Every structure is written in structure tokens, then in C-alpha cells.
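Quick look at what Swiss-Prot lists:
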- H78: active site, tele-phosphohistidine intermediate (ACT_SITE)
- D81: Mg(2+) binding site (BINDING)
- 1-102: domain 'PTS EIIA type-3' (DOMAIN)
- H78: phosphohistidine (MOD_RES)
Amino acid sequence: MNRDEVQLLGFEIVAYAGDARSKLLEALNAAKDSEFDKAEQLVEEANECIANAHKAQTNLLAQEAKGEDIAYSITMIHGQDHLMTTLLLKDLMKHLIELYKKGS
């Protein structure tokens, strides 16, 4: 996998993870306003974005597992960072939304 291909996967991960992050934060605002159905829908949409980011990540890992040399890319590192922080945010959102539900 050449550097351009790795960089493209990095951009793909950044885009999907960024969309998921935005949806999760929007879900938190919906829960804050007691719009729990909307919050749950947004979390589901975020999960789809995360799944797409994970597919791109898995593609890269599979290539490396096959013994293919993977070019170094700051964009890919940035994408991995975005994905991991979004996964952490998703875990926190579950708990925060539940707290809003208990408080209403």
C-alpha cells in the first residue's frame, strides 16, 4: 500500500470519526433537552459512522497482516487519534444520556 493510499484511508477515518463525534455531541444536547428518541437516533447514526471508520482501519490492518509494507502517514496517525477519541466519547455519551434520563 503506497503512501497516497494510506493517506486516503487516513482522511476517510478522520471524516467518519469527525461525523460520529458531531452526532454524539448533538445527541448529548438532545438528551439535555429531554429529546431522548432524537438522542438515541443520533447515537445510532454515530455508530454507523464509527463502523465505516473501523472498516477503513481494518483494511489497513489486514494489508499489514498479509506482510505488505505500509507507508508512514501523519494523516493516518491523525485519523487513528480521531477514531480513538470518538470511541471514548461514545462510551461517555452512553452514561451521560442515561444520567439525563434519570434526571427527567
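Cβ coordinates come from backbone N, Cα and C, glycine included.
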Report summary line: Note: in the chain of the residue listed as 'Mg(2+) binding site', residues six or more apart in sequence with C-beta under 8 angstroms of its C-beta are none
Report summary line: For the residue listed as 'active site, tele-phosphohistidine intermediate', the number of neighbouring Cβ atoms whose distance to its own Cβ is within 10 Å equals 15
Query raised in the report: If you run through the domain 'PTS EIIA type-3' (1-102) with DSSP, how many residues end up as helix, strand and coil?
Result: 89 helix, 0 strand, 13 coil
